[in-house]
Every structure is written in C-alpha cells, then in structure tokens.
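> Below is a structure I'd like to ask you about.
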Amino acid sequence: MELDHSNLLNEFEDFGLTPNLKVLIKCSELLRKYDITADTLVNHWIGFAATKLNNEAPSLENLVAFENDLSKELSAKTKIKSEPLSESPVIHNITTINQLAEDDELLVGYGTPARKSSVGAKRTSGLEGTPQNKRLAGLGQAYPVHSPSVFSPSTPGTSSKFSTRNNSGEIVAKYPADAVLDWTRPNERWQPKIQLHGTAETKLTTKYNYMFSRMRDKFDMLEEQINVIGDLIKGKLGIEEFESNNVLKSDAFQTIGRICCDATSGSRLNTASLLLEGTRMISSGQSVPLDVSQLKEFSFFPGQVVAVEGSNPTGKKMVVTSVTTPPINPVFKTDVSLEGPLNVMVACGPFTLSDDLEFAPLVEFIQQINTILPHLVIIMGPFLDVKNKKVESGELDHTYQEQFEIVMKELQTKISNHVQVCVIPSWRDVHYRAVYPTPPFQQENKLPNFHFFSDPCVLNVEGVFIALTSTDILFHLSKEEISVAPPGSDRMGRLVSHLFSQQSFYPLNPPAEEMSVDMEHADDYCKLTFTPHLLLVPSDLRFFIKNVNGCVVINSERAVKGISGGTYSRLQITGEGSSVQVKAEVVRI
C-alpha cells in the first residue's frame, strides 16, 4: 500500500500535482481494481482533467466521474488489442485517450497553467495581419476585428497574487545535487564571444512564402531523411542493405522506415495503428502494419525513423522481434577558450500572467539579471503570447508590434550593458510569423550587447555549444509517444534521447496541430547532427536538469505558471581543452 502511494505521488508530481493522502488511497484502490500501473492511471487523469474538468486537481469528488471514464476507456482498449503484451513492462501511452480536446487545453494539466506580469505596458488593438488571424482562428474560437477606439483602458489582472507569493528565489532543482554556485563575477571586462553555429539565417530573414512546399518536395525530404539515418543504422547493425517491408517471408529480415499512424485504427498512435512506411527505393513507398506483441521494450512516435527486424509470414503484417534506433553521435569535441567560469541565466516566456499584459515577472527577472550580472542571458519567447487572454479577446490599446516594441525597449534599457543577451523568438508570438523554424526578430536599433537568433539554433560560446529551442517539443512528444518500458525508467530522458537519435530539434511528423512547420526550412535549420554540451528545452512539463548521453539537458519550465511566477535557470559553465563542466539550478522567479 505504501509503495502504491509513493509511486502515485511520484507520477503526479511529474505533472506538478500533489494530491492529499485520501486521494492517494482512492487512487490505490483503482490500481488494484483495474489492475493498472500508477503511470497509466496518472496519464488517464491528465487527459480526463484537461477535457472534462478544466484541469482541476484530483479530489475525492471528481475521482468518481474519473473512475467511470477510466472504466469505459480501459474496456474500449481491450477490444482493439490483438495480443496481450508482456506482463513485466509498464505501458506508457498518453495518446490513447480518445476524448482529448485541443492541444492547448492540456497545457495546464502538465504543470504550467497561464501567466501574468507588470512592465507597466498597455495592450494592443485589433488582429493585424493574416498570419496572426489564422493563428487565433486555429485555437477554435472566433475573434472579431476591433479598432483601438472600441476599448476602454485595460483592467488589472491578478498581478496582486503574483506580488504576494512567498516562494520567490527558491531553488527547486540542482545539478549536480551537491552543486554550490558562486555568482561573483571576477572579470567584469571579459565578454564571451557568441556565434551562431550551422547554416546562416539568411534564408529565414529574407521574405518567403512559408508553408508553400509542394507535396513532391516534402516527400523527397522525408525520403532523404530515412536514407541518411538508414545509412547510420546500417553501420550500427553491420549490414549491407535493408529488405522490402512487404515481402512475404517467414524468416527474420531487417527493413527500414518511418513510424506512421493508421488513421482507420484511431486518431492517435497505438499498438493497433502502428505502420512502418518504407522508402521508394527499398519498399516502393508502401506501408506495413507492425505487430509489436513480442517486444518487451519499445518507444514509438509518428515520424520516427527506425529499423525493425522480424518476419512477414502473410505479406500483410510484420511480426517484429527487435527494433534498432539510430546511433547517437558523441558530444562535440572542441577547443574551449573560457577565461573563467561562464555564468548564464535562461528564461522562457510567457513573461506576463495569463490575464494581463503588465509583465511583472519580466521586471522581476530583469532585477535578478542586474543583481547577479551574468556573462550571458538567454531569453526565449513568447513575449506577446497568442494564448494570453487579453490577446485572445483583443483587449489592447496598442498594435501587436507596438506592444512587442515596449517589451524590447524595457529589456534593452533596463538590462546592464555588461551582460550579453540572446533573444529567441517563438511561433506563439502573436505579432510575428507563425511558422517553425521561426526567423530571428528584426530590430533596427538594437544595442551591441543584444543578439537575435532563430528558433531553434545552436550557439557557439567560446567553444561551448548550446543548442536551444523555445518550441515545446517535449510536451508534443509526450502526447504522441507510445512506449513499453521497465518500471522506474526515465521518461523525460527517453524523450530527450529521441532528439539526439533522430538528429532533429523537432522529429515529430506530422507535427502538433498548433504547429506550422515549414519542411523546406526545417531541413536546413532544425537538424541536430551532433550532441551539444548543453541543450535547453523549456517545456510545460515539470522542470528538470539531467545528463542525457553526455549532454546536460535543462527544462526550466516557463517564467510564468498560471497566475503566479514560474521558474528560470542559472548555470555556471567551466571548461578547458575539449572538456566542459556544467553546474546548474532551477529557481522560482
């Protein structure tokens, strides 16, 4: 019983929930009644709370309705299972919840509700520009176009709740666990050199018609992706060629392809809807269903390139006996030329509470920057969030661009010029381009210590390679991935390892419904062909710092969480020769 309580509490805490003892006892009863794991129950709860309860926390009252939904869900799943899976692994499948609402509704349930703040800025007016209107329409609501004169001065939001918080400055995660960080900056004059690694951003900064790729061009890019990764897997397996996936063959053989979902078996990926889409040269572009009942461990998501070994005794379904993922490249070897410890602060938007545009958390973060005076600050969008309630309703006194300029002016005038600042956009910035990869912000009068880069990007800071993206790929993957893994396995580490093995900042295909991924530019700017020293992947999932394949990965969550302050991260990087060490902590704003 105590073990059940502990497992349940750990699973709930992964999503920022801390139910009381009575709720845990009731959940333990459900585990025994339906013979499911703590992970499965919590995954069901997250989907149920998002779609039926407006992301309420679990309580004895709403667990009654949850049990009815759980019973129906489990009985529906048993009808479509072809063969039982091994009893020892735990099935992780957040995506087989049939009644999931729109992606936006899940955000709060994963630990990051809405946001608020206070830069004393005013609001914007109507919906300007076609891309912005499309984004708002994509949220499933209709937004009338207003003129500025329609609005009276904006009413204050819940900034008072933010100002009365009592946990500001609390360190909630450390790496290593015994790390002690000294934030004194002995060399005031040293400024680290920041360079963009990889393809120059000229193609992104010039005007182009995004999302205009031809279907044939998209196919060619996906085909090339399978071929490139397939060559890596050949070397890993020590084989010369792969065989066609649909050949009738009772003996075991190896084939390559891309994981897809059979839409006739459900809208999301599950064990009954798994397809392997082969290449044109090897499998004539045909897809074959996969029977994974013999696998004790697996992890699949749409768009993943894998090699599978198995037989196809009927020519219509492949019985899989093993799966091979691409090898992960080692951490990039480089000459590090730091003149001492490199102090870094990282924060990801939104920077204002969900029901105001006062930007109080941003003001707080700027104060922390000027107090510590790190060498480098990385600030990732959204700055003017498309999901902000004031933006959604059009309660603004400025245009989107004017409101954004107010925020940028606040940053450039208030942050000390001794600090190098990197600004990263987000597709959620309502004033900007709703496309991924997102071009860097174009600022005419930027200060010398401000640098504007695209999302995603890889920065070379004196030989230290920092890969980062403001897009929540971990959250998107967590909703689409299905896996069987041993109890106690590291789910977050596994999601991150997908980025390294698939060599992409965004390997999910098709992408999340809210995303607009331009395939042509993603092929140039979203590749992650080596393992960096540091990977920054802020997410709505619970914060963490961990070492994955030799890379220090940090999810600092967001600067705003609901109607209260969120978290940001502080890092200290040291290095000599080709060796890099990172100490880090996640701190409440």
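Any Cβ shown, glycine's included, is placed from N, Cα and C.
On a predicted model such as this, the values are computed, not experimentally measured, just so you know.
What TrEMBL records for this protein is below:
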type	residues	note
DOMAIN	8-69	domain 'DNA polymerase alpha subunit B N-terminal'
DOMAIN	220-323	domain 'DNA polymerase alpha subunit B OB'
DOMAIN	344-546	domain 'DNA polymerase alpha/delta/epsilon subunit B'
> Going by DSSP assignments with H, G and I as helix and E and B as strand, what are the residue counts for the domain 'DNA polymerase alpha subunit B N-terminal' (8-69)?
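Split by secondary structure, the domain 'DNA polymerase alpha subunit B N-terminal' (8-69) comes out as 46 helix, 0 strand, 16 coil.
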> Could you please provide the mean pLDDT value for the domain 'DNA polymerase alpha subunit B OB' (220-323)?
92
> Per DSSP, what is the helix/strand/coil residue tally across the domain 'DNA polymerase alpha subunit B OB' (220-323)?
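Summed by class, the stretch gives 25 helix, 39 strand, 40 coil.
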